[in-house]
């Protein structure tokens with residue numbers, strides 16, 4: 001029964017990865033979806049599962065097949081990892097891929113021809129897959145998925161599953177093997193939960209890149225609500241910008257909106273994500289990912305609420321980190337607020353770090 005559940009998880013993981021690729025059309029996601037497809041085929045090739053479905057497999061044929069699947073998955077994971085880091089087209093990396101794949105295929109062929117024991121035949125492919133899973137998980141955590149997000153269960157599960165694979169050639173015939181197999185299923189469950197969250201969250205690119213508010217990258221504050229609404233209209237016409245707000249918009253917008261609330265969490269409708277005002281690390285990471293996509297404006301309307309929930313010092317640290325992130329990606333951070341909402345010392349800190357946008361626009 002556990003084998004059937006494990007197979008079902010493999011299929012669902014592949015489905016979510018393929019869905020994510022269909023939405024984002026990213027090369028590394030295509031490679032991961034192909035990897036999980038081979039993982040599904042590998043699950044279908046397990047002797048216990050085939051017997052469960054009334055098929056009597058030939059063990060001598062299954063082992064080379066599963067070893068080939070493992071090798072293929074490892075190569076695809078390596079290519080996906082290099083694509084995330086931008087090194088997939090590096091000549092040295094390509095040569096290493098070719099050497100690893102040819103060595104692996106030659107290893108499987110020789111072991112099959114000389115009727116090597118199963119333990120020997122699977123050693124290189126499974127070790128290769130294990131290290132590839134660990135590398136891919138690390139790269140995703142480093143470049144794509146925040147450790148503070150539920151989506152982090154996706155790469156963390158890959159890393160833990162990779163560690164299980166590395167021990168497999170040694171533990172395959174030991175009494176601990178069934179427990180490790182069960183642990184592998186648990187880690188695959190982590191991947192499923194993480195990729196479910198990851199697949200449903202969309203980081204959208206701006207409709208118009210390189211346009212936006214005609215001011216230099218940096219941090220600005222704005223107390224004029226009329227100018228604020230003009231900025232939103234500009235963002236809507238370009239589909240360029242990110243809005244962090246305390247107020248749930250009634251209408252749909254063409255740019256991403258993060259609604260600060262403690263009532264719900266996650267996608268509400270198109271381009272609107274509900275997020276807790278205390279999840280500042282996650283919010284910072286989500287905004288960063290949109291800036292990486294090319295958005296050039298970040299507007300905060302509801303900083304007072306963040307201050308209430310976190311305290312001024314913590315909220316200000318978040319605001320300064322967001323400002324530095326915006327500058328890094330040559331974007332503009334606009335704080336829509338009122339000086340009357342703060343003490344005199346608090347407002348001095350804000351005014352020192354942020355320029356008055358209305359004065360800048362009037363020049």
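Just so it is clear, glycine is given a Cβ too, placed from its N, Cα and C backbone atoms.
Under the heading transmembrane segment, TrEMBL lists 28-45 (among others).
Here TrEMBL flags 65-82 (among others) as transmembrane segment.
The list of residues near the transmembrane segment (94-116) in space but at least 6 beyond its ends in sequence, with Cβ under 8 angstroms from a Cβ of it, reads 60, 64, 67-68, 71, 74-75, 78-79, 124-125, 128. The transmembrane segment annotation in TrEMBL covers 94-116 (among others).
What TrEMBL lists as transmembrane segment is 122-141 (among others).
Residues of the same chain lying 6 or more positions beyond the ends of the transmembrane segment (153-170) and with a Cβ under 8 Å from any Cβ of it are 70, 119, 122-123, 126-127, 129-134, 136-138, 140-141, 145, 180, 183-184, 187-195, 197-198. What TrEMBL records for 153-170 (among others) is transmembrane segment.
The list of residues near the transmembrane segment (176-200) in space but at least 6 beyond its ends in sequence, with Cβ under 8 angstroms from a Cβ of it, reads 2, 5-6, 9-10, 12-13, 16-17, 19-20, 23, 145, 149-158, 160-161, 164, 167-168, 266-267. Residues or ranges marked as transmembrane segment in TrEMBL: 176-200 (among others).
Annotation comment: TrEMBL describes 226-354 as domain 'DUF835'.
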Beyond the flanks of the transmembrane segment (28-45) by 6 or more, those residues with Cβ under 8 Å of it:
3, 6-7, 10-11, 13-14, 17-18, 20-21, 57, 62, 65-66, 69-70, 72-73, 76-77, 79-81, 83-84, 136
Could you give me the DSSP helix, strand and coil counts for the domain 'DUF835' (226-354)?
64 helix, 26 strand, 39 coil
